[in-house]
Amino acid sequence: MRETLEALNSLGFSVGQPEMAPQSEPRDGFSNAQEKMSSRGESTLHSCSGHETPGQKEGIHTEQAEAPCMGSQASTPQKAEPAGSVPGEEWMIRKVKVEDEDQEAEEEVEWPQHLSFLPSPFPTPDLGQLAVTYKLEPGTPGALGGIALSGWAPIPEKPYGCEECERRFRDQLTLRLHQRLHRGEGPCACPDCGRSFTQRAHMLLHQRSHRGERPFPCSECDKRFSKKAHLTRHLRTHTGERPYPCAECGKRFSQKIHLGSHQKTHTGERPFPCTECEKRFRKKTHLIRHQRIHTGERPYQCTQCTRSFTHKQHLVRHQRVHDAASRTRSSPDIPVAPHSPTASLTPSPPGPKPFACSHCGQSFGWKKNLATHQSLHLTEGRPFGCDECALGTNVDPAAEPSACTPHAPDCGPGSGPAAPQRTTSSERSFFCPDCGRGFAHGQHLARHRRVHTGERPFACAQCGRRFGSRPNLVAHSRAHSGARPFACAQCGRRFSRKSHLGRHQAVHTGSRPHACAVCARCFSSKTNLVRHQAIHTGSRPFSCPQCAKSFSRKTHLVRHQRIHGDAALPAPASNLSAPAWSNPSEVVPPPIFF
């Protein structure tokens, strides 16, 4: 400061020198400020109008603001707050780390007002940068530079987000380093696979996957992990800890990434669109899995047969068929039917089995194994059991040999011999306890059970009609929208359902794969075959509720019911006179030809 004033005087500017303070006081205001900083705020700058130094303001004392100035008398140092301070300023002084006491002492002295056109040697601190550095939050006591801290906006913990992925960072430098990974410009690259990393430590951790190192074992089971964070995350499966709750519905999750994916269900956000169709997805993995429908890719292939799958869980479910067959070959004395419900049970993990059956008390390590086991209890009260599995039926096989069973999957109740099906009996692990029909997937069984219960959980928003499955609802909604997405490649005719297109294509190919077992007549669709078989069996399942007359086809019943209705049959489009009878009940229906 002294050198600056001397330089100004040499340039021709008139700047007064600081007056000498009395003997009891420090020699000048600058030394006084320096002693104040060295004593950590025990005394403040003493000044008054009587002996004011140039550039200093009045009313700055070592005592309280209301104490009178004692002039040249020595005053006892007291710990007092500076004038104009508010509660919390002392907290701010404690928060800021003092690196240069001399520089802070000089900042106490203001630049002379008549030299305001010159740059000040005491730069004003950037309050916004100071707020970012020390993360001042709303409600912080005190003020800084005349600005109330309670008015400052909160600063996000990680304000910088990556546009390529969903990760966020605290500063721009870390964000730029991360973005180099998307461009393949990481400073540390793995010599084995070429993957880039921002830090060498991350690359060394990654190399454990190539060497197969898993130094972190689980104390509850036999699993091992390459990172401690993965072990910590895995231990939550044993402890049941879910530390990440959803603020909207209260549902808790064991991983933060699962919480982020779940929160998109509340916001409706689907940031990943498909380039082939209009579908959007919440996760990138779901988009990749969906795109296999367009590309036809099936990356998961069975090692025991030639079948391949689009999803890994489909491959795991398919491999149960081979596992059941291998158990049968290894233990010929104890046959295990692959279509038995117990054949689909997943081996329980080592350790406790928390899922117990309420009927027999048997415990299981997986909840799905308990659900499969409980289906056995649903067969109670069915007196006619099966000799090969634990399923039962209400129908006596001796009295009705045509009753369909899981071990005769090629027949259907009341439908005669059916065509060969794509799913073999060895792949049917889920069976209906009501009719015994087998399914390859559990969700197919759940959808089939709605036929027996009459449940129709899917309602049309336009007409209110309800359906037992979502695909049926989607197909029905095309009747309102008029959409016909399935076009015939031969004639261009379009259909609302894929099954209707397949039935129509038989017209061009002349294919009639469904043959009648009685008269050997062939049909292009199974529905036509079932309708034809009513001639041989004499079945008339559609009866009129008013006259008890029965019909083999529903269309014949609808046409018959017009007789009982108020509206007469539509008149023929000709110039012939109307019939002689006038009573609608005397109308004779046209003959029916089979």
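Heads up, residue numbers simply count up from 1 along the chain you see.
From the backbone N, Cα and C atoms, a Cβ is placed for every residue, glycine too.
Straight from Swiss-Prot, the features:
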{"type": "COMPBIAS", "residues": "31-47", "note": "compositional bias 'Polar residues'"}
{"type": "COMPBIAS", "residues": "54-64", "note": "compositional bias 'Basic and acidic residues'"}
{"type": "CROSSLNK", "residues": "Lys97", "note": "SUMO2 cross-link"}
{"type": "CROSSLNK", "residues": "Lys368", "note": "SUMO2 cross-link"}
{"type": "REGION", "residues": "1-86", "note": "region 'Disordered'"}
{"type": "REGION", "residues": "1-183", "note": "region 'Interaction with STAT3'"}
{"type": "REGION", "residues": "313-351", "note": "region 'Disordered'"}
{"type": "ZN_FING", "residues": "160-182", "note": "zinc finger"}
{"type": "ZN_FING", "residues": "188-210", "note": "zinc finger"}
{"type": "ZN_FING", "residues": "216-238", "note": "zinc finger"}
{"type": "ZN_FING", "residues": "244-266", "note": "zinc finger"}
{"type": "ZN_FING", "residues": "272-294", "note": "zinc finger"}
{"type": "ZN_FING", "residues": "300-322", "note": "zinc finger"}
{"type": "ZN_FING", "residues": "355-377", "note": "zinc finger"}
{"type": "ZN_FING", "residues": "430-452", "note": "zinc finger"}
{"type": "ZN_FING", "residues": "458-480", "note": "zinc finger"}
{"type": "ZN_FING", "residues": "486-508", "note": "zinc finger"}
{"type": "ZN_FING", "residues": "514-536", "note": "zinc finger"}
{"type": "ZN_FING", "residues": "542-564", "note": "zinc finger"}
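Helix, strand and coil residue tallies for the zinc finger (300-322), in that order: 11 helix, 4 strand, 8 coil [DSSP]. Each residue in the zinc finger (244-266) gets a DSSP state, and the totals come to 11 helix, 4 strand, 8 coil. Confidence across the zinc finger (542-564), taken as the mean pLDDT and rounded to a whole number, stands at 87. In the shown protein chains, 13 other C-beta atoms lie within 10 A of the C-beta of Lys368 (SUMO2 cross-link). The residues of the zinc finger (430-452), classed with DSSP into helix (H, G, I), strand (E, B) and coil, number 11 helix, 4 strand, 8 coil.
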